[in-house]
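Notes to accompany the following structure.
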Amino acid sequence: MKKILVSQCLYGDKPVRYDGKTKEERDPRFIRWKEENRLIPVCPEVDGGLPVPRTDAQRIGDQVITRDGRDVTKEYRRGAEIALERALQEEVLCAVLKEKSPSCGSNKVYDGTFEGNLIDGQGITVQLLREAGVRVYSEEELDLVEQMVTGRENIILTGMPACGKSVTGVVLAKSLQMNFLDTDLLIQEAAEKSLQEIINEDGMEAFKSLEEQVLCGVSASHTVIATGGSAVYYPKAMEHLKKLGRIVYIQVSVETILQRLNNITTRGVAMSKDQGIRELYEERRPLYETYAEVTVGSGSGSMEDTVADIIDKVSRLRQSFR
Ligand code: SF4
C-alpha cells in the first residue's frame, strides 16, 4: 500500500506546533488512512532542530525569519531535506501538509509582516518536495487525495490544436467509463460566444485571461479533461490541473498539424498575428513536454491505438504510485 507523507500536527499524537499545540485532522478519510497505517508524519521544523514551543516565523523570499528577527532558514532547510528524504525512501503517493505554514503551506503562506496577511505561496518543505516531483496537497484538498488513493483521478489531455484531444478524450472516457469535459466549451459558455469571437471582439489578452480563469476553476472527478492548446501558457492553471489528475500530452508532428488545420484563423487559437503554425509548434512543444507525465503519439496510428496507449501508460503510472 502506498503511503502519504503528512504534517505531524495534522496527524496528532504529539504537539509540535510553534504554540505547543496540534491541529489534529478529523476528516473521516484522513482518520481512515491513519487507521490503515498509510500516513507517515513529519514535522520539518522540529526535525530541523527547533524546539516546541518556539517563536513563530514567516517566509520572506528565500529566508525564514522569526517574529523577533532571527534567521532560522538553516533549520527550515534541514527539516525540509529530512522530509524529502523520507518521502523518497517511502516512495509516497503524495503529501498532505498543513496550509499557511512557512514549512508546510502549499497554496497560501503569511506575507512576512506578522500582521495576519496571507499571500499565494508555498513553504520551504513544500517547495523542495515539489521540485523533486512529489505532489503536495493541503488538508483542504482531501477530495483530490482520495481520488488518488482510490484510483479515480482525472486524466488531463494536452497538446497542439488539431492533435485530437477532444475526439480522443470522448473515446477514452467511454472506454474507461469516465466523464468527459472540454475546457474550450467551458470558456465559450462563460463568454456566451465562440472562441474566435472572444478573440475578435475582446482581444487576445482578454481571451487568455478568461482561459486561465476557467482552467483554474475546473473541478472534476473521474473525468477525462480535454484542454485548449494554450493551457500550458498558464503556470498557475497547470499547477491546478496537475493536482486534479495525470497530465497526458498527445504529441503529433508539425506536418500532421499542418495537414489537419485548413484555416487556423477560425479556430480560436491563442497566437500572435505574425506567428505561423511552425513557430507556434516550436514555442509550445517544450511546455507540453515539461508538464507531461505521459506522452503518447497520435497521427501515424489510429485513434484507437492512441486511446489504448493512453490507457496502458496511465495505468502503469498509477500502479507505480499505488
Ligand atoms: S512544520 Fe509542518 S508539521 Fe510541523 S508544526 Fe509546522 S505545519 Fe505542523
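Backbone N, Cα and C atoms are what each Cβ position is placed from, and that goes for glycine too.
Keep in mind that TrEMBL annotations are predicted by a computer and have not been checked by a curator.
Taking a C-beta cut-off of under 8 Å and a sequence gap of six or more, Val167 (ATP binding site) has these contacts in its own chain: Met303. Under the three-state DSSP scheme, Val167 (ATP binding site) falls in the helix class. Annotated ATP binding site per TrEMBL: Ala162, Cys163, Gly164, Lys165, Ser166, Val167, Arg267, in sequence order.
Residues or ranges marked as Mg(2+) binding site in TrEMBL: Ser166.
The DSSP secondary structure for Arg284 (substrate binding site) is helix. The substrate binding site annotation in TrEMBL covers Asp184, Gly229, Arg284.
Of all residue pairs in the ATP-binding list (Ala162, Cys163, Gly164, Lys165, Ser166, Val167, Arg267), the one with the greatest Cα separation is 16 Å apart. Taking the centroid of the Cβ atoms of Asp184, Gly229, Arg284 as the substrate site, the other same-chain residues with Cβ within 8 Å of it are Thr158, Gly159, Met160, Pro161, Lys165, Thr227, Gly228, Ser230, Ala231, Val232, Val269, Ala270. Every protein chain shown contributes to the tally, and the Cβ of Arg267 (ATP binding site) ends up with 17 other Cβ atoms within 10 Å. The binding-site residues listed here (Asp184, Gly229, Arg284) include Gly229 as those with a Cα within 10 A of the Cα of Ala162 (ATP binding site).
Take the CB of Arg284 (substrate binding site) and look out to 10 A: across all protein chains shown you find 21 other CB atoms. With Asp184, Gly229, Arg284 listed as the residues that bind substrate, the site has a largest C-alpha separation of 18 Å.
Here the candidates are the binding-site residues Asp184, Gly229, Arg284, and by Cα distance the one nearest Gly164 (ATP binding site) turns out to be Gly229.
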